[in-house]
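What follows is a single structure, written as structure tokens, with notes after it.
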């Protein structure tokens with residue numbers, strides 16, 4: 001991928017239609033549920049095992065690709081093989097575009113080393129911020145962790161501008177700044193000072209842990225901002241820029257006049273003698289990479305469980321009862337939905353819009369508090385902050401729609 005293509009990727013995202021909007025809603029809901037469940041398990045249930053929880057949740061990413069493939073096979077009545085062939089073809093064309101030549105007469109080889117390097121990079125990029133988040137949420141309030149984590153929208157924009165050598169756009173900069181200020185207003189503008197009677201001796205004990213949690217979340221937020229931008233630059237396919245309806249797959253075979261010249265040449269080069277779904281259906285490539293991260297986590301990071309146990313950093317213990325097991329399974333399920341959905345949206349919308357959109361989770365937490373009877377959270381600042389976040393996302397969506 002050359003520099004011109006990179007700039008086009010950064011500058012011209014697309015909305016992605018109703019499917020992306022529905023996915024966006026599920027992604028936001030899953031993040032809120034994952035945050036609350038993780039805090040509940042580590043705080044209320046007393047099962048504070050951040051690395052083990054992280055390991056289980058990220059290993060669960062493995063299931064998203066087989067489930068997606070099964071859905072495609074059942075909904076289109078097409079066997080998995082054409083989808084897999086199209087996916088491998090897309091990855092090869094993306095990672096090794098120089099191999100697209102018919103002069104040698106030999107089928108191009110799959111870029112195994114480049115794909116292995118990409119897989120390790122994605123795993124590292126997802127592991128470091130994720131592990132810090134799981135550690136922080138047991139130390140600081142969920143609202144603090146959610147707010148600070150979601151400031152990765154600001155870091156993602158700054159990194160995007162610097163990495164792609166883009167100019168500062170007033171509209172985007174204003175939107176990201178409004179969203180960041182909205183976060184601070186919702187969380188801290190609505191906070192209440194503790195009563196003197198309840199502060200007492202516990203104040204000194206309760207200050208250090210939240211501060212540590214907040215600092216861990218800041219580092220995680222910056223790291224995740226980097227991860228989003230680098231994922232968009234190196235991992236997403238060029239076809240992710242132009243959303244096609246999931247009902248309109250391009251079926252390609254070795255004969256026919258309706259295919260583009262580039263796809264037809266690829267089919268000849270690869271000597272494809274069966275149908276191939278190309279480009280891959282919506283979200284399949286992103287979910288494949290998410291599953292690869294799960295596979296790498298499951299195989300490579302398991303060695304750290306005994307290391308942390310014997311070193312005393314995190315003494316391993318099994319979940320004590322079925323409630324903890326069920327809660328951990330729920331964390332894994334919501335984590336799979338959030339990460340798979342966010343990676344798909346990242347490919348379509350880019351890091352800036354996806355991150356600011358993710359700030360709406362704060363508004364959802366705010367609304368859920370109100371619905372559950374927590375009317376004390378309603379202040380002028382919290383209302384202004386929630387409105388600012390929604391306004392910022394609306395500005396970016398409008399800006400994106402104008403570029404289509």
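Note: Cβ is positioned from N, Cα and C throughout, glycine not excepted.
Under the heading transmembrane segment, TrEMBL lists 12-32 (among others).
Look at TrEMBL and you will find 52-74 (among others) tagged as transmembrane segment.
Sequence-distant contacts of the transmembrane segment (115-135) (same chain, at least 6 residues past either end, Cβ-Cβ under 8 Å): 38, 50-51, 53-54, 57-58, 91, 95, 145, 149, 213, 216-217, 219-221, 223-224, 226-227, 230-231, 234-235, 289, 292-293, 296-297, 300-301, 339. According to TrEMBL, the transmembrane segment annotation covers 115-135 (among others).
For 147-164 (among others), the entry in TrEMBL reads transmembrane segment.
Per TrEMBL, transmembrane segment is recorded for 173-191 (among others).
According to TrEMBL, the feature transmembrane segment maps to 211-230 (among others).
When Cβ-Cβ distances below 8 Å are used as the criterion, the transmembrane segment (288-311) is approached by residues 51-52, 55, 58-66, 87, 119-120, 122-123, 126-127, 235, 339-340, 343 of the same chain, each at least six residues removed from its ends. What TrEMBL lists as transmembrane segment is 288-311 (among others).
For 323-345 (among others), the entry in TrEMBL reads transmembrane segment.
The feature transmembrane segment is assigned by TrEMBL to 352-372 (among others).
Sequence annotations record features per position, and here TrEMBL assigns transmembrane segment to 378-398 (among others).
If one looks beyond the transmembrane segment (52-74) by at least 6 residues along the same chain, the residues whose Cβ comes under 8 Å of a Cβ in the stretch are 34, 38, 41-42, 80, 83-84, 126-127, 130-131, 134, 281, 283-284, 287-288, 290-291, 293-295, 297-298, 301-302, 304-305, 314, 316, 328, 331-333, 335-336, 339-340.
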